[in-house]
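Peer 1: Below is one structure. I have some questions about it.
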Number of protein chains: 2
Amino acid sequence: MTLRVRDLDESGLLARFVPLLPTGAATLVGPGDDAAVVAAPDGRYVVSTDVLVQDFHFRRHWSTGYDVGVRAAAQNLADVAAMGGRPTALVVGLAMPADLEVTWVEEFARGLADACETTGAAVVGGDLSGGSVLMVSVAVHGDLGGRPPVLRSGARPGDVVAHAGVRGFSAAGFALLDAGVAEPSAGAPGAEGALAPYVAGFLRPAPPLDAGPAAGAGGATAMLDVSDGLLRDAGRVATASGVDIDLDAEALEPYAAALATAADALAPVADAPGRGAGRALEWVLSGGEDHGLLATFPPGAALPDGFRRIGTVRAPAGAPRVTLDGAEPAVGPGWDHFRA
Amino acid sequence: MTLRVRDLDESGLLARFVPLLPTGAATLVGPGDDAAVVAAPDGRYVVSTDVLVQDFHFRRHWSTGYDVGVRAAAQNLADVAAMGGRPTALVVGLAMPADLEVTWVEEFARGLADACETTGAAVVGGDLSGGSVLMVSVAVHGDLGGRPPVLRSGARPGDVVAHAGVRGFSAAGFALLDAGVAEPSAGAPGAEGALAPYVAGFLRPAPPLDAGPAAGAGGATAMLDVSDGLLRDAGRVATASGVDIDLDAEALEPYAAALATAADALAPVADAPGRGAGRALEWVLSGGEDHGLLATFPPGAALPDGFRRIGTVRAPAGAPRVTLDGAEPAVGPGWDHFRA
């Protein structure tokens, strides 16, 4: 018989959940009291939060508990990296239906642990609650190592625009699943096959977490986590900094080339507007949720490991905007949670 | 025409929401970037999280957006107080249906602000998301002022057991609403009338936040936020500390007397088992969500302002337990989110 959440009381569920969570050196008081206590060695900490809701951010029949755990941690960890910080601690809220399998909760904890494994970040507390649908909230904390945070507002004309991480893999993976061209199992951990990187990239994004503090140490003038698409998020840097950001189409070609296999697999069903030959570039420019890092560096600065030059910061002609080879890009600006 | 969440994009909603949020002196970088930066002057911070889900923790037809904002903040702020800390920063996740009125979101922000007003705590970041039901998650942060955190595990035989805050008001208010003896409007801000304190206590709990750091400074050996009922939460201190906690029935009488008006109002419908004359005492012992503070102090210590002696810590005879005048209490141990 399948063990379900309703078969356990809160302490029974916690007894299965807590031992699976990641631990870390910054934890002074961990789970089990009213609150945790975390070290903040330079007298400050970075904090951000992200919420994932079933049917809005993930689908039960696509994502396993493990996938949701990895994704919830990864997109939060990326926010710390985008400030130039190293993650230290997460607190996790989980609302769940009473008929949820207990193994889902355990796999969710394993996903959190694997996403945190190389970072040193711990889950230091949380809240398990009933709910009519699955809902995950994570608040993430990080350490700036004594450096100033890298904000969105520091880009200056002449700066180099650079990117770390993949582009469009999550969008491609979603498109493959949505079209039925790939099954979720094609992206399971350890799965091989031509479409595995895309499906896995959608189910379990892997942000370039080390690139964030490297950029901070390397003099980045602005940085953000690309969660809503390159054009849209570059626009946020442009607006916050009061500059234009001109992307270099040639520099984006390797990103599009990395998506060719997914685009080819979708070609037979690629009859909708904006699909077809331009699909890979559209994923590069507008695909969200890869959680790569977009950063600007002073002219001539050596780019830290993991970053690739993709454009230039320019003085704005009018309202700050994002251009592609100096012209208005011919694709949409990304997506919005309330309208999509 | 009523403005609804779906009528605005994310930036439009944020433009209405963010200016209403509380600000505070510990905020180094506030809302608007990938993450906030918060001061942690003694090189540590306290962190906790709580989730509120529609139909599990609040009902739309009982609680306004303002009520939910106050309650979400208050129950989190209480967790910081229960460690002996002062709250500094909150991050807030809000998942909401597309047809939610925008005024609900604005009132929610005002509730957060009012609950934080006397504390100095700011909302430094958050995440607005779509959802099929309303769901609120808050992570709260606090400063220990250089003192050790007050854990649940430090109670020692001979210590005085003390309590700060009200007991049973939330349970009484719930019972009044549930029985239809009072309407939610009876507990609206500024409402007068005999039942107002109970209904307001359920809709908008007001934890004794100053009593937490006062207890820490006053030598408290153990402390926790009473969220699930006095017996159940005293049991947590007993278990964590390896002691018995003996409550003094006479010392609890003033708490029961404060509930007499609510018990009287419910008398005509008080025919269920465990109701009737013992109802007020049951609320005192088992009612949850008032978010009072239960603390233990060394024998002879002066109790800080707001605390009242309610019992004694004893060496355990067997497994740690909670007694009432030395005997097993004759009421249930509280409630469980997954079974209630």
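Cβ from N, Cα, C; glycine included.
Fair warning: this is a prediction, and the values are worked out from it, not measured in the lab.
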Peer 1: Which candidate from A:ASP79, A:ASP99, A:ASP178 does TrEMBL annotate alongside A:ASP34, A:ASP225 at the Mg(2+) 3 binding site?
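Peer 2: It is A:ASP79, as the record lists it for that site.
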Peer 1: Would you kindly determine which binding-site residues in the set A:ASP34, A:THR49, A:GLY126, A:ARG152, A:ASP225, A:GLU289 have their Cβ under 8 angstroms from any Cβ of chain B, listing them in sequence order or replying 'none'?
Peer 2: A:ASP34, A:THR49, A:GLY126, A:ARG152, A:ASP225
Peer 1: Can you tell me how the residues of the domain 'PurM-like N-terminal' (A:32-142) break down into helix, strand and coil by DSSP?
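Peer 2: Helix/strand/coil tally for the domain 'PurM-like N-terminal' (A:32-142): 32 helix, 46 strand, 33 coil.
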Peer 1: Please report how many Å separate the Cα atom of A:ASP228 (Mg(2+) 5 binding site) from that of A:ASP79 (Mg(2+) 3 binding site), as a whole number.
Peer 2: 13
Peer 1: Using A:ASP34 (Mg(2+) 3 binding site) as the reference point, find which of the binding-site residues A:ASP50, A:HIS57, A:ASP127, A:GLU289 has the shortest Cα-to-Cα distance to it.
Peer 2: A:ASP127
Peer 1: Compared by Cα position, which of the binding-site residues A:ASP79, A:GLY126, A:GLU289 is the closest one to A:THR49 (Mg(2+) 1 binding site)?
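Peer 2: Closest candidate to A:THR49 (Mg(2+) 1 binding site), judged by Cα separation, is A:ASP79.
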Peer 1: Across all protein chains in the structure, which of the binding-site residues A:SER48, A:THR49, A:SER227 has the highest Cβ count within 10 Å?
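Peer 2: Most Cβ neighbours within 10 Å: A:SER48.
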Peer 1: What subset of the binding-site residues A:ASP50, A:GLY126, A:ASP127, A:ASP225 lies within 10 angstroms of A:GLU289 (substrate binding site) at the C-alpha level?
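Peer 2: Matched binding-site residues: A:ASP225, sequence order.
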